[in-house]
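These notes are about the structure you will find just below.
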Amino acid sequence: MNFKKLPKIELHCHLDGSLRVDTILDIAKKDNIPLPSYNKKELINYVSIMDDCNSLDEYLNKFFIPNKVMQTKENLKRIAFELLEDVAADNVKYIEVRFAPLLHVEKGLNIEEIIESVLEGIKEAEKLYDIKGNLILGCMRNMDIPSAFEVVKKGAKFIGKGVVAIDLCAGEEPHFPGKYIEVLKLAKECGYRITIHAGEAGVGENVLEAINLLNAERIGHGIYIKDCAEAYKLVKEKNIPLEVCPTSNLHTKAFESYETHPFMDFLKDGIKVTINTDNMTVSNTTITKELEMLNKFCGLSIGDYKILYLNAVEASFASSETKKMLKSYVKEITG
């Protein structure tokens, strides 16, 4: 089965986890940014997982170097453009790129300039390639609550202009949603859609709380609902889509293999799962690679993929016009 030629949708892709290694090197040389190595093969070890990762926290260490080269308007625009260029080459027709603006203020940019630069890169790529993109703003859970309010407030002016949603990301502690009730209440009032990283690192109850306390419309990962019957039931009853990222989950040691990943069980039980990369560079993956692995190890069929694709269309925060366009590609999903 040729998964490369199939139309695809990406709903969970971090900008700072999906840079070209060549671009990191190029910007570092141009801007005099120190790197542990200027040899591409050696640098890859610092920004990609090489089967040496034992946890989500270790996985997140791979973002340190990419963020060093994402501190100017020019670089942010370039990196966003290149991401859409890369996924368009993988036949992705729609992508929701996510990033945390406050990770890019080291050289004096303000939040508005940061968001604007990424949107410019997305829009430039849309003009050249057969792809549409939107932006999800991330609030870092390892920063204080006022910083989350700041992102919500300052990003609101871009809603309807490319920004579609708010997210909570970074390391996952038990019962984190309770701290963010007021932040997400404000986000909803501003008009953001809501997706929350939860149930990625062993705490299924976080998914329950993200939906009940934070009004999450989608869940990033959500795989540990398998260990929380109440969360599983709620996700199924409310048709809450899960942004599943299998290879990333293996890298963070949430699961030992594709065969033991609960994705196929969720799909067969009617859970609205979607397949995503999480971080193309960190996990050295693409949507095509994800599908090939699921086909090889879990028996993913073309019929299964059609369900996944339509799940992603409906789960997306795209406009009704874009959703209609995405549905038109269903006829191309054949074995």
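From the backbone N, Cα and C atoms, a Cβ is placed for every residue, glycine too.
Not measured: the values here are computed from a predicted model.
Look at Swiss-Prot and you will find E200 tagged as active site, proton donor. A coil conformation is recorded for E200 (active site, proton donor) in the three-state DSSP classification, outside any helix or strand. All chains included, 25 other C-beta atoms sit within 10 angstroms of the C-beta of E200 (active site, proton donor).
What Swiss-Prot records for H12, H14, H197, D278 is Zn(2+) binding site. The number of other CB atoms found within 10 A of the CB of H197 (Zn(2+) binding site), across every protein chain shown, is 26.
The Cβ of D16 (substrate binding site) lies under 8 Å from the Cβ of F63, P66, N67, M70, F99, A100, L103, each of these being in the same chain and 6 or more residues away along the sequence. Reduced to three states, the DSSP call for D16 (substrate binding site) is helix. Here Swiss-Prot flags H14, D16 as substrate binding site.
Other C-beta atoms found within 10 angstroms of the C-beta of H221 (site 'Important for catalytic activity') number 27, with every protein chain shown included. Annotation comment: Swiss-Prot describes H221 as site 'Important for catalytic activity'.
Compute the center of the Cβ atoms of H12, H14, H197, D278, which mark the site for Zn(2+); besides them, the chain residues with Cβ within 8 Å of that center are C13, G17, R98, C169, G220, H221, E243, C245, S248, N276, N279. In this structure, the C-alpha atom of D278 (Zn(2+) binding site) lies 9 angstrom from that of H221 (site 'Important for catalytic activity'). Per Cα geometry, H221 is the residue among the recorded positions H12, H14, H221 nearest to E200 (active site, proton donor).
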